[in-house]
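Here the structure comes first, spelled out in structure tokens, and everything after it is commentary.
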Amino acid sequence: MANAKELKQVLTGPIVSNNPIALQVLGVCSALAVTSKMETALVMTIALTVVCAFSNLFISILRNHIPSSVRIIVQMTIIASLVIVVDQVLQAYAYDVAKQLSVFVGLIITNCIVMGRAEAYAMKTPPMMSFMDGIGNGIGYGAILLSVGFIRELFGNGSLFGVEILSKVSDGGWYQPNGLLLLPPSAFFLIGMLIWIIRTYKPEQVEAKG
């Protein structure tokens with residue numbers, strides 16, 4: 001049985017110390033695509049966290065009964081089933097956001113973070129620790145998405161969650177939105193800057209040279 005200290009480390013470690021995007025550079029494609037608005041970034045964070053946490057839990061419960069030769073197929077079947085459930089829930093209760101996220105919810109099936117944690121962690125770790133690891137990695141993923149989404153929506157459109165924050169020139173205000181921030185390449189540069197900031201703060205994350 002895991003103690004509170006271990007659970008806390010598993011839950012909080014992926015936020016900065018072992019962030020799946022900033023340190024492991026996983027899940028970057030969806031991060032580029034869904035961060036033009038805070039709403040889509042938040043919903044994608046919740047979707048991935050739910051899938052990652054529960055896939056870890058179910059795979060961990062079954063880990064001693066899964067033949068090694070078919071473990072990847074079993075993992076993907078569990079992940080795909082959860083993604084279908086999440087996608088159907090989004091389409092039922094948040095249809096507009098589901099349309100904006102388009103195929104990226106479905107692509108959680110092949111997200112490196114989800115598959116990586118299932119194979120590297122859940123297959124070797126008890127259920128509770130695996131579940132908390134899934135939540136922690138989802139939060140770490142979301143921390144980057146929401147940081148990038150905050151900058152892109154605020155300075156690219158003058159709003160947050162669709163609510164105007166900076167009064168735009170076109171509406172008689174003072175702020176001229178930077179349309180470049182709404183384009184996917186801007187997310188790439190912002191994520192790069194966040195990685196630089198985190199690795200400056202924690203230099204032990206920098207890869208050894210040579």
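Please read every residue number as a count from 1 along the shown chain.
Quick reminder: no glycine exception, Cβ is built from N, Cα and C everywhere.
The transmembrane segment annotation in Swiss-Prot covers 14-34, 42-62, 72-92, 103-123, 131-151, 178-198.
Under the criterion of 3 or more C-beta pairs below 8 Å, with sequence separation of 6 or more, the transmembrane segment (178-198) and the transmembrane segment (14-34) qualify as touching.
For the transmembrane segment (103-123), the partner stretch with the highest count of Cβ pairs under 8 angstroms, out of 14-34, 72-92, 131-151, is 72-92.
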